[in-house]
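Trainee: Next up is a structure, given as structure tokens.
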Amino acid sequence: MDAAVAREGDAIDEESLKQTTTPAAEEAQEAVGVGVLGWLGFIIVNLAAWGFITFASFVSWTFGLGVCVLYTVLLVGLAVWLERRGPVYKQFVNLLWVLAGWFLFISGGYIAINALGDDSWSGTRNVNYPLNPVDFDQDLPSLVPAASSPGLQQWASQLYRSSDGPSFISFGGVVFFNGRSPGNSERLHYTDGTTIAQVEPEISFATNFRVVGTTLYFMASNRLYRMPAGDLTGAVGISLEGKGGGFFQDLYVENSTSLLYFKARLDCTATCAGSQAAHTSVLSIFTLDETAGNPTITDLRGDTCVLWAAQVTCPLGGGSNVIPGMYFNHMKAEDLLKYYQKDCKLEADVAGMLSRETLQMTGRDNRPTWGELLKRFFKKVSDEDLPIETGPPPTCMDMRRVARVTSSSCKGYSTLPAASPGIDEVEVKLPHARKPAYRRVSRSIFKQAEWVLCEPPQAAAGLGEALGRVARVAAARADHANLTSYGSDTEDFLRVMLAEGPFHPQDRFASLCVLTKDFGCEVPEDYPLPPCSDAMHLTAVAAVAWKGLTRTVLWGIIFLAAVPMLILSVYALLWKQMPGLVFNIFGGIQAIAIMVYFLINYDSTPEGGTSGPAAVYGDRFMDFMKWFTLIYTSVLWKALVSWSLITPTAAPWLEEVKTWWAAVVGTAFFVNIHVVLQVPFTTEIWPWVVYALLALLQMLMSAVVQRTVPMVMGALGAFVVAWKIGFEVSEALQFGSREVQYLTTFAIIGLEGVGIILAAIAFARNRDKVQDWVRGLLCCGPCQKKTQPED
């Protein structure tokens, strides 16, 4: 009896102790969690899973789908198992549900794209040429004889140079080696043990020495040379003239046949109607045979350039094109034509400059000169100040004269070279331009007269405003030797440069043809398209198109990917009380909006009983994304602020929902306002004023919702504004020394930083007062009653 009473008393005491210590104990327990090592393992496992699923997809989409589904099930199972073990793993379980939702979305996307899509769907590949040369080069192993040695077959399968080989060789009683000449440059020399002499003509960085019979072969500067035994007076270069031109890449000697094999990249051109041309560089294997006395070069394909050109369809010639640029795929020529007819219209004054005579190779005498272009479109230079009035179209040598005329209105080009500069000097000048060279011009290029006139590389390339963007990029990479190699026609040089690249997509995006919405040009439906190759205008307008992205695929992504993820996310948020699923819901709704946009703008062109491509035009899509995201995040911000004002304190899991909500929406809103306002690249004043007000607004919203992320976003915005103010003030002071200007800029930014620190200290001291003031400013009616303290 006494024992029973004692046990009962101990149980009561234990329960009392438990009741008094449970909150603190639980808080401490939740604080411990899985520890740093647990989170590290979590990150590593998920990175490995992403990589495994990605490369499994390259093997087979069904294999990738299976791995993705299996991993999704494992995530859900692990989340349920850890949830039953107590609240200590709550944050861990929350992220497991978030990942499970996104992997469910990916699994649904796999099915929608691959199972419901067109058979021609080939995914998104990096295609930088009218016909991807990487695909064209895949048949190299089949070019060598089937009975050839394993070494030759392995060499043929490598698309890049396998090895430079030794930099010296003993041949014909002498030793050839690379050594530094008095000018401190690597040159090919030879020695017989007593004297050292330099091989003539001068040859730099000789590699890949190979001996075939009594002849020495080697490569230098992507060229092939031969030197017969006993004739050390000079090396003879071997040309690919008549084969398409190009450069040598690698050598191999088949000992059984004493035959020299080499790889070379040929400069191939497919001529199109209207003086258009498609260019690329294609790899092939050749043999060099001297049994007949003279070197005989044989292309093992027969004629690589002819075969390549036969597979290329001109941009407007009908049939199917391969669109260049990143993530572009097949698109029919008539769809391209329809895009231009629908979206591009040209004003009468622009039509003259962008006529075929202006841009085409033919009719050069009818092209306007630089002086005529400046007078016609900008009217900023008087007739007597124009250095170029008549004569042939300008070349790069006219750059200095044009720049001198325009320098009075171009801040940042106050110091111009006295002599005609080389292209490298232009490159040096670019960083000193007041306006960033790479900024996106979303307004009409013809209305931005100062911006156009302040770009000397346009004059250096001599193409006028229509070719200004690509001219700047190409000219910065070129030198006078390159220009000379293409003759006096700089247009020809630029076309080849653009086709051969590689250019960064941002350079291509707004480069050559300005008949796009991005530059504000318009052209009537009956106006002929500019004679740019598809490598030029298609990348300029960023016309993204997928042949396999049919309506069925779009609906499949909605109902097989986005909707299932939303259902799982809502379930985990409301029933499991996992706040992180706010991120999934945010992304799922945006994914559905994008698919609906694609469906609304779907352009159906039936072909052979199947749906045509769904074309996604770059400018429209970017406009939709930035404005939809702005409206979407603004509405969510307003909803979060209203919720926080009406319900200042809620259940703990709802408070965590607020935290995730503020983090996701606040970050998305902050990033998007940079896209909408073009900060920090814009030079106009009003976007910066709006940006500063929005930064302040985010700080105030942080006081309302009592969350950190909006404050961080606002602080980052304040830093950007501080940098802009410091830069503009130092620019306005017009210091003669660039170093003094930089010092002044950083000094002003430092002072602004001190002011921000003082403001932060004042805010920290009066945090409650500020928050109450903001809430009182925004609250009214029932909201104010809820925020008032109870008696």
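Glycine is treated like the rest: Cβ placed from N, Cα and C.
TrEMBL entries are annotated by machine, without manual review.
Just lifted these from TrEMBL, have a look:
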TRANSMEM  31-53  transmembrane segment
TRANSMEM  59-82  transmembrane segment
TRANSMEM  94-113  transmembrane segment
TRANSMEM  553-574  transmembrane segment
TRANSMEM  581-600  transmembrane segment
TRANSMEM  627-647  transmembrane segment
TRANSMEM  659-679  transmembrane segment
TRANSMEM  685-705  transmembrane segment
TRANSMEM  712-730  transmembrane segment
TRANSMEM  742-764  transmembrane segment
Trainee: How about long-range neighbours of the transmembrane segment (712-730): same chain, 6 or more residues beyond its ends, C-beta under 8 Å?
Mentor: 666-667, 669-670, 679-680, 688, 691-692, 694-699, 702, 741-742, 744-749, 752-753, 756
Trainee: With the transmembrane segment (59-82) as the reference, which stretch in 94-113, 581-600, 685-705 has the largest tally of C-beta pairs below 8 Å?
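Mentor: Maximum Cβ contact count belongs to 94-113.
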Trainee: Looking at 94-113, 581-600, 685-705, which one has the highest count of Cβ pairs under 8 angstroms to the transmembrane segment (659-679)?
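Mentor: That would be 685-705.
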